[in-house]
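Below you'll find the structure, written out as structure tokens, and then a few comments.
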Amino acid sequence: MKLVIVSGRSGSGKSVALRVLEDLGYYCVDNLPLPLIGTLLAQLKGSNDLVAISVDVRNIAEQGKVLQDQLALLENDTEIISFFLNSNDKVLLKRYSETRRLHPLSKNHISLQEAIKLEGRLLEPIAKIVDHYIDTSALNIYELSDQVRQILLGSVDKELVINFESFGFKHGMPTEADFMFDVRFLPNPHWEIELRPFTGLDEPVQEFLGRQPLVNKFIWQIENLFETWMPHLERNNRSYLTIAIGCTGGQHRSVYIADQLAKRFRQGSKHTVNARHRELNISDTNN
């Protein structure tokens with residue numbers, strides 16, 4: 001079993017780190033009371049071996065060394081990784097001013113600046129013993145996510161679900177697309193009377209479009225575009241990438257091209273690649 005503990009000053013990005021862990025398959029609990037760590041792991045053992053908890057100043061301040069005592073009681077086969085997130089006082093003041101959230105120590109009737117400084121003093125013993133200390137002062141949420149992911153996986157690459165979706169413009173454009181390509185300029189099988197009843201998934205249409213230099217060039221260029229930029233899309237903290245291909249009716253050209261792109265991206269890909277043909281009401285899911 002692996003236990004990841006995320007601590008740090010309020011406003012430094014603990015919730016961002018916890019969301020990354022959740023995306024990686026961890027069972028996450030925010031601000032778990034420290035004496036319940038052992039109970040939580042015992043209940044999850046066998047059903048979920050990846051667990052992450054966040055610990056804030058209210059737990060640390062009130063219970064002192066309870067965290068270390070609780071960790072010492074865990075089974076020997078529990079791998080523990082700890083993070084401490086911090087930012088300088090000026091950045092934390094700015095973040096709190098922008099969000100207008102209450103600081104956890106504000107109940108002590110002290111100013112925000114005093115609460116931030118007090119929290120730093122209370123958490124200092126924890127900051128000295130963690131495995132990974134991350135200063136988030138100059139990081140945005142994507143950069144912080146990348147750092148956490150890289151520490152845990154050794155890589156910032158993230159598995160994506162890539163959806164290729166065909167559609168017809170005359171039926172409306174899809175609203176969920178990240179990228180959209182208009183293929184209405186390509187040769188249209190609709191004007192070949194014998195091909196009109198078929199779709200882009202049928203062999204006669206595939207043979208017709210496969211003979212068209214413009215179609216092949218377009219597919220190659222789209223494939224090359226996403227192969228070039230995929231590493232950067234992986235680092236963009238996204239889980240889904242939807243690429244929409246549109247023709248007039250969503251029956252021939254867009255269907256064929258979306259299908260061909262899905263097949264090409266499935267070859268040797270670590271990502272889940274799906275093809276969906278909206279106007280045909282057909283989905284093809286594969287890894």
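Glycine is no exception: its Cβ is also placed from the backbone N, Cα and C atoms.
Keep in mind that what you see is a predicted model, and the values were worked out from it rather than measured.
In this view, Ser12 (ATP binding site) is surrounded by 25 other Cβ atoms within 10 Å of its Cβ, with every protein chain counted. The ATP binding site annotation in Swiss-Prot covers Gly8, Arg9, Ser10, Gly11, Ser12, Gly13, Lys14, Ser15 and is backed by sequence analysis.
What Swiss-Prot records for Asp56, Val57, Arg58, Asn59 is GTP binding site, and it gives sequence analysis as the kind of evidence. A sphere of 10 angstroms centred on the C-beta of Val57 (GTP binding site) encloses 22 other C-beta atoms. The secondary structure of Val57 (GTP binding site), as reduced to three states from DSSP, is helical.
Cα-Cα distance from Ser10 (ATP binding site) to Asp56 (GTP binding site): 7 Å (rounded to the nearest whole number). Sequence-ordered, the extra residues of this chain that approach the ATP site, with Cβ no more than 8 Å from the Cβ center of Gly8, Arg9, Ser10, Gly11, Ser12, Gly13, Lys14, Ser15, are Leu85, Asn86, Ser87, Thr136. Counting only same-chain residues six or more apart in sequence, the Cβ atoms lying under 8 angstroms from the Cβ of Gly11 (ATP binding site) belong to Ser87, Leu92, Arg95, Tyr96, Thr99, Arg101, His103, Ile116. Between the alpha carbons (Cα) of Lys14 (ATP binding site) and Asp56 (GTP binding site) lies a span of roughly 9 Å.
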